[in-house]
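In Swiss-Prot this protein carries:
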- M1: N-acetylmethionine (MOD_RES)
- 31-160: region 'Disordered' (REGION)
- 31-41: compositional bias 'Basic and acidic residues' (COMPBIAS)
- 69-102: compositional bias 'Basic and acidic residues' (COMPBIAS)
- 247-296: region 'Disordered' (REGION)
- 335-378: region 'Disordered' (REGION)
- C384: S-farnesyl cysteine (LIPID)
Amino acid sequence: MEVLAAETTSQQERLQAIAEKRKRQAEIENKRRQLEDERRQLQHLKSKALRERWLLEGTPSSASEGDEDLRRQMQDDEQKTRLLEDSVSRLEKEIEVLERGDSAPATAKENAAAPSPVRAPAPSPAKEERKTEVVMNSQQTPVGTPKDKRVSNTPLRTVDGSPMMKAAMYSVEITVEKDKVTGETRVLSSTTLLPRQPLPLGIKVYEDETKVVHAVDGTAENGIHPLSSSEVDELIHKADEVTLSEAGSTAGAAETRGAVEGAARTTPSRREITGVQAQPGEATSGPPGIQPGQEPPVTMIFMGYQNVEDEAETKKVLGLQDTITAELVVIEDAAEPKEPAPPNGSAAEPPTEAASREENQAGPEATTSDPQDLDMKKHRCKCCSIM
């Protein structure tokens with residue numbers, strides 16, 4: 001019965017210690033959150049006071065009601081700033097005390113709360129002394145604290161307290177500009193890089209289990225200012241927005257460039273061909289597809305048809321009703337055969353040209369032709385009708 005009562009008491013004390021530890025951790029988290037909020041309010045008040053002081057310096061010496069209200073507001077802001085600074089320092093001290101109490105050594109009751117299913121025999125004096133030494137040694141080492149604390153300035157982290165290191169997956173280089181008047185931080189550019197083993201020379205301003213932030217440039221001008229977790233998250237969010245905006249602008253420029261190139265491809269450009277001289281007789285203004293010297297095509301439109309049986313009606317339809325018909329009879333002499341007049345009424349060719357053409361066509365065989373053919377040529381007469 002005594003063993004069961006002791007085990008029950010030790011179990012209750014252990015549960016009570018665990019509950020107190022959880023309560024202390026929750027209180028630490030609440031105070032940290034309150035500290036972050038007050039730091040943000042303090043920074044806002046400082047930037048506001050700096051802006052109001054700058055506005056007062058630019059106003060003329062003659063005081064007005066607006067300037068008096070502004071000075072009164074500045075005094076109230078300075079008083080709030082002092083109160084916030086005192087509150088921030090107090091919260092920092094309270095958090096430090098709570099963290100120190102959380103890592104304090106456990107009580108002897110917590111260390112001796114391990115249940116023993118088998119009742120051990122009464123220890124001898126030597127064993128009692130040895131047990132006391134073990135308890136003292138365990139009390140000197142806080143429960144839950146690592147025995148070997150590794151401090152590293154690199155993003156390499158230990159895994160479960162083992163000496164195996166976890167390498168960084170990537171690094172982000174963020175260019176930040178801070179307005180000295182308003183205190184606002186603006187991200188200029190964000191570039192994702194491979195992790196560099198010789199780390200850039202800078203000052204570490206933030207570190208947790210997943211991220212390490214180094215201030216590379218501008219530490220001499222702006223001083224060393226450690227960042228909080230909320231500030232780091234806000235900085236990463238702004239960097240992501242800048243990266244997305246740059247990607248969107250690049251895609252829009254590529255689409256515009258592709259549209260311009262497609263329009264230039266589809267629209268044929270007019271080119272001037274040098275080194276070609278137009279001939280006087282060439283037709284330069286004709287329709288496309290017609291070579292020089294060719295007649296342009298004629299467009300014919302079918303207007304209908306009409307059946308005509310009478311010849312007079314036919315002439316009337318064709319417009320030949322009042323035309324004059326003439327017949328020309330040419331009688332050739334037997335000594336000098338002449339060519340008849342052309343049927344279309346044009347001028348006859350000179351006799352020399354006609355004779356030479358007949359000689360060229362007939363050749364030497366013309367002199368030895370049969371007399372029957374010559375008689376046929378003499379007695380043949382031709383007539384034509386001129387309309």
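Numbers run from 1 along the shown chain.
From the backbone N, Cα and C atoms, a Cβ is placed for every residue, glycine too.
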Inset, instruction - Taking helix as H, G and I and strand as E and B in DSSP, count the residues of the compositional bias 'Basic and acidic residues' (31-41) in helix, strand and coil. - result: 11 helix, 0 strand, 0 coil
Inset, instruction - Take the compositional bias 'Basic and acidic residues' (69-102) and count its residues per DSSP category (helix H/G/I, strand E/B, coil), listing them in that order. - result: 34 helix, 0 strand, 0 coil
